[in-house]
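Just below is one structure, and these are the notes that go with it.
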Amino acid sequence: MEKKSRIFLIGAGDHAKVVLSALVTCGFECRGIYDDNPELWGQTLWCLPIYGPVSKMPDTAETMAVIAIGDNSVRRVICEKFKNVCWPVIVHPKSVVDSSVRIGEGTIVMAGCIIESDAAIGRHSIVNSGCYIGHDTKVGDYCHAAPRSAAGDNVTLADGVFLGIGSLVRPYAAIAENATVGAGSTVIKDIGPGGTWVGSPARRIPSPARMRYAGRASITGTELTGGCDDGQASSE
Ligand SMILES: CC(C)(COP(=O)(O)OP(=O)(O)OC[C@H]1O[C@@H](n2cnc3c(N)ncnc32)[C@H](O)[C@@H]1OP(=O)(O)O)[C@@H](O)C(=O)NCCC(=O)NCCS
């Protein structure tokens with residue numbers, strides 16, 4: 001990876017600080033931040049300018065960017081708006097990723113993760129600080145494994161799955177698309193799409209649930225808003 005490449009950040013919420021820290025550690029130089037919250041425009045985050053709405057970011061092959069937003073559905077909507085942007089893979093150097101692991105564009109692996117042999121991580125996913133991903137496990141696109149979550153070997157996480165902080169997934173379990181696993185919960189069998197599962201063993205909670213993600217970015221008030229209400233909202 002080219003050192004000191006200049007890169008834009010999308011999202012100026014709390015998650016952006018962790019992503020910025022990883023970028024700097026990897027040798028990138030951040031050019032500035034786009035965020036849809038007008039209250040942030042003209043302000044700075046860690047001395048970096050917050051320019052304006054995400055739609056203003058140049059959609060060219062010369063643009064390199066990272067989406068610093070924990071919400072899977074918002075990341076997907078933003079990514080689909082840009083056809084030409086280059087989305088690098090960011091792997092924090094203080095993580096242990098086996099050389100056989102495949103990682104898709106735009107995915108970020110934070111500090112302290114362990115990803116075992118022949119695992120595969122899709123595009124624009126987040127493997128957050130201290131996660132464990134077992135060997136032969138497949139993580140889809142637009143997933144988020146929150147800090148200290150662990151997926152054993154041969155697990156399948158379909159696109160858009162959210163694993164809450166400290167959650168566990170038993171080896172060989174499969175979690176269908178857009179399902180949410182609550183903080184500290186334990187998944188011991190296959191679970192279907194779109195629902196929210198909590199406890200140990202994890203059970204589905206009946207009411208539609210929105211992910212309470214402390215670090216969600218302030219993507220509001222623009223054409224990108226349309227992506228905020230699907231994904232982790234239950235399909236019940
Ligand atoms: C699972 C989650 C999304 C549910 O949020 P919600 O839909 O707002 O649900 P509520 O807080 O209204 O709780 C609904 C019920 O589920 C229970 N519940 C919620 N989260 C739970 C969890 N993680 N473990 C066990 N039970 C849980 C609540 O106690 C409540 O039970 P009750 O109806 O008997 O009182 C949320 O609790 C959660 O765990 N979010 C993950 C946050 C996280 O990891 N962020 C990452 C930061 S980097």
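Even glycines carry a Cβ here, placed using N, Cα and C.
Marked as active site, proton acceptor by TrEMBL: HIS135. TrEMBL lists GLY70 with the feature substrate binding site. Under the heading acetyl-CoA binding site, TrEMBL lists HIS144, ILE165. Among the features that TrEMBL reports, domain 'PglD N-terminal' is placed at 6-82. The annotation domain 'Mannose-1-phosphate guanyltransferase C-terminal' is assigned in TrEMBL to 89-178. For ASP136, the entry in TrEMBL reads site 'Increases basicity of active site His'.
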Recorded positions listed as HIS135, HIS144, least Cβ neighbours within 10 Å: HIS135
In the chain carrying ASP136 (site 'Increases basicity of active site His'), residues 6 or more apart in sequence that have Cβ under 8 angstroms from it: GLU116, SER117, ASP118, ALA119, ASP153, ASN154
For the residue listed as 'substrate binding site', the one of HIS135, HIS144, ILE165 that lies nearest, given that the recorded positions are compared by Cα: HIS144
PLDDT averaged over the residues of the domain 'PglD N-terminal' (6-82): 95
Whole-number Å value for how far HIS144 (acetyl-CoA binding site) lies from the residue listed as 'active site, proton acceptor' (Cα to Cα): 18
Close-lying recorded positions around ligand 1 among ASP136, HIS144, ILE165, where CB distance stays under 6 Å: ILE165
Cβ neighbours of ILE165 (acetyl-CoA binding site) where a neighbour is any other Cβ within 10 Å: 19
